[in-house]
């Protein structure tokens, strides 16, 4: 009788090992991942290790300096310690070239979050290796985003209720969570969840290859972005881990096929759980739909294994759920064809068709005439609220789906005058008018250090898109999207009084037809949609929203949304 360990909350579906044919397909999967650039070089890996070593030294120096300021002796200050942990894709071992490193700085109880954003921030700025830095202290999990020796790093901080943080510390003990506030709990949870996932899969190497493939697939198919209502990296990792538990002896190629089959047929909102949900020592909320109405509202719940268990997919909306399920069905069809030798793995990873899929798009552009750091904060806020706009749009009568794209489009221009800034806002975002921007200097990675550009005033732009599919039986019907769009603009403006300065921060929402999308959303080898010549000019049938005096003064533009959208 087999004594194989059982992983997960149920027994396996199958314990059969891989066949010769399946191993061959697995080899071809790995080759395709290499071809797609999923693996980094040994030198790139060594660079990451060196950067993390420097950050560990900085973490200890940070704790030491804060300790000395609080009148500790030199010996006590050194013993106070400080340690960094990684989490996310790097910790899981599935990072690729250019991936960021999610990094947690753990500090003792006398070091505060304010110290992190002052003392540690200053230590980072002293380093010659620092390329970029953007502190976001007001984020859900307060964060400092940096680029260090060319590597993007997201730094968060957690304070433990103990006087020392030695290098030997691990985070597995639930008692470490005592007496922490919610932000510290959330910060610690990333590393704790990542470590548990690795402990809960039968064969970590099989899991890693399968997860690399799913990450690549999800990015190519534009279903990878927690902020926009799709699963993020941790959620995709847990979904892959659950399939590995059900097929403990399968190779990665088989895991992929079963991944799409099982999840396309899953009885949502039945949760995906890697182990029984645990109680613990804290009076904190643990995911429980029997108690909490909010938990019952989760459409595709994927539950973190580390205490306190949370839903990693609470951001999924009705529209993004539809998109994800469509992609699961496509995955079933293609992987079945791969196993029948009718298609190759490259077919699975083909780019999405988002900008060809819909006739109508809502274009959301955040503008900043100021510093890059100002724009990162403003555009980051706008991005974080797009999901709320999606939820308001998808419940309108006549809208079948409001599908957010997962990647903002970033650009910046030299902008010497206010007239230039107004021109950018007026002409950007439409194929018909975007050539007017050629009169301004576009800032690129290649020219940004030139003296004439480096010191020039700049306008920064971040543009997001929502594809709209309408369900209108009466062709004379129109859909009014003005109210949710206006509420969205007002919400973004309300978060900080600085965002009321319309000479610096602006926000434009425009209703754009597929053939009028700007060139930047298409690859060079893609043929952009064209306007059908036989169709009547529908623009004349649009009832344009007239800007109120306050809107005109503010500089916000919601004209392009049109209050009554003609969807014919």
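Every residue, even glycine, has its Cβ placed from backbone N, Cα and C.
Residue with Swiss-Prot feature phosphoserine, selected from 168, 412, 550: 550. Of the residues 27, 154, 161, 295, Swiss-Prot places 154 in the same ATP site as 87, 88, 89, 99, 100, 101, 102, 215, 224, 233, 234. Scan Swiss-Prot for phosphoserine across 38, 73, 452, 533 and the hit is 452. Annotated range for region 'Disordered' in Swiss-Prot, selecting from 481-524, 525-568: 525-568.
Each of the binding-site residues 100, 102 was assessed for Cβ neighbours inside 10 Å, and the highest tally belongs to 102. Counting in whole angstrom, residue 452 (phosphoserine) lies 35 from residue 102 (Mg(2+) 1 binding site) by their C-alpha atoms.
Under the DSSP three-state reduction, residue 102 (Mg(2+) 1 binding site) is assigned to strand.
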